[in-house]
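Have a look at the structure below, then the notes.
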Amino acid sequence: MEKSKNIWSLILTEIKKELSEEEFYVWFENLCFLESIGDNIKISTPNLFHKNQIEKRFTKKIKEILIKNGYNNIVIVFTNQPPKTHSNKQETKNPALNETFSKFDKLKEKTTSKEAIQNIQDRIKMYIKKEEEEEPTNFKNPFLKKRYTFENFIIGPNNKLAYNASLSISKNPGKKYNPCLIYGGVGLGKTHLLQSIGNKTEELHHNLKILYVTAENFLNEFVESIKTHETKKFKKKYRYLDMLLIDDIHDLQKKEGIQEELFHTFNALYEDNKQLVFTCDRSPSELTNFTDRLKSRFTRGLNVDISKPNFELRAAIVEKKAEEDGINVPKNILNLVAQKVTTNVRDLEAAVTKLKAYIDLDNIEIDIEIVEKIIKEIIIYEKETTNEPNNKINIENIKKILLRELKITHKDIEGHSKKPEITKARHIYAYLLRNFTELSTVEIGKIIGGKTHSTVLYSINKIDRDRNNDKEINNLITELMNKIKKN
């Protein structure tokens, strides 16, 4: 019996942290511990109305608290059976508990009269009415851009699965692919698809609350809510949605506080069959400094990647962009852009925009020489502004600098030597390739002497940890990265 009382007290303590004084008073002040039978703890409510309301609002939260504290088999049962009228003092070894149950004993007397029950019910109804008045009548989604649609998304072999899944989610949110994580490199169309999901769902399901937000905005909003003591308002905003779309989830790496908040938000929405969609620049297994339990949540549903577009898709993208911008140039010029710019969709569109600028501002005829110049500018800009060049020259540069600085050979780095200094060099090589290229862990493994995905992932995580804990290692990695960037 005492254990059951302690469990109920724990639940009250945890719930009180998340509610205002008014809320806690309305919902929990008039509850009484009744009895425990096996794994069931019976709690008396003043009336049937109160029982139904508290089950609707707090069953899920109570279950979370029980699981979090290792009471997986315990079930809280609410009943409108009145408390026993005899004294039944509930003494425990915990003074705080004794005070709590002393209050409950007094409540047993005052909650049995019809007048008291009616007062409690009236107060709850007033509170519900107040809540409804505070709810926004028109839910706004400021970050959804109407220009992103499924209709203007160009489909190819590299993105077809992601496209089909996204469209399916829009038609039946919370059903088939929940959660969904779309991953791939920069500028490949992840944001376009994520925003399209929001726009199409809004079009098909007018009454749903849909929110698109970047991971950075999610973080900033959370930090601001802590500063202004409005975390409750933050939780209410995100945990009562019908669809949550978070872009660039990798930006939350190394940020434990917001990961904890996202974990609880995820659980609240998922358990209520609300749709969750995320984008990321890598697969969940390759996320570093992310809690395992959050990564496991991402893999519950569908994980689908978008790879780099092939030539046919690049050509289609360039043609469509040229048509939208009203550019009339020979097809061989557009094909040259598609052939040379292989990085991503964003760079292809940037090349076409530059073509338009030359035509509109300089009033000149576009020829192959100008196209070559534009492409060269884009490729140079890409190298200067991203840590993800993905071509043979850059990989070779990384390797060359690593071998020179660590004074090792090609045979060392690609062989099977177990010497500590060689093993360390391989870990560093994997880490540098992961940070400076778009290569997957499998592709990195092939470069480093046929290592497996898990081996490469271990190397990356190890260097990540060592940089935080070992100043010498951190300085070495920083120096290597600076030399690679300069080169």
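Cβ coordinates come from backbone N, Cα and C, glycine included.
Taken from Swiss-Prot, the feature ATP binding site covers GLY187, GLY189, LYS190, THR191. Cβ-based neighbour count (10 Å, all protein chains) for GLY187 (ATP binding site) stands at 20.
Annotation source Swiss-Prot lists region 'Domain I, interacts with DnaA modulators' at 1-79.
Per Swiss-Prot, the feature region 'Domain II' maps to 79-142; the stated evidence is sequence analysis.
Swiss-Prot lists 143-359 with the feature region 'Domain III, AAA+ region'.
The region 'Domain IV, binds dsDNA' feature in Swiss-Prot is assigned to 360-487; the stated evidence is sequence analysis. Under DSSP, residues within the region 'Domain IV, binds dsDNA' (360-487) fall into helix, strand and coil as 98 helix, 0 strand, 30 coil.
Following the DSSP three-state reduction, the secondary structure of GLY187 (ATP binding site) is coil. Annotation for THR191 (ATP binding site): same-chain Cβ neighbours under 8 Å, separated by at least 6 residues, are TYR148, ASP247, THR279.
According to DSSP, the secondary structure content of the region 'Domain I, interacts with DnaA modulators' (1-79) in residues is 46 helix, 16 strand, 17 coil. For the ATP site, the Cβ centre of GLY187, GLY189, LYS190, THR191 serves as reference, and the other residues of the chain with Cβ at most 8 Å from it are GLY184, VAL186, LEU188, HIS192, LEU193, THR279, ILE306, ASN344, VAL345, ARG346.
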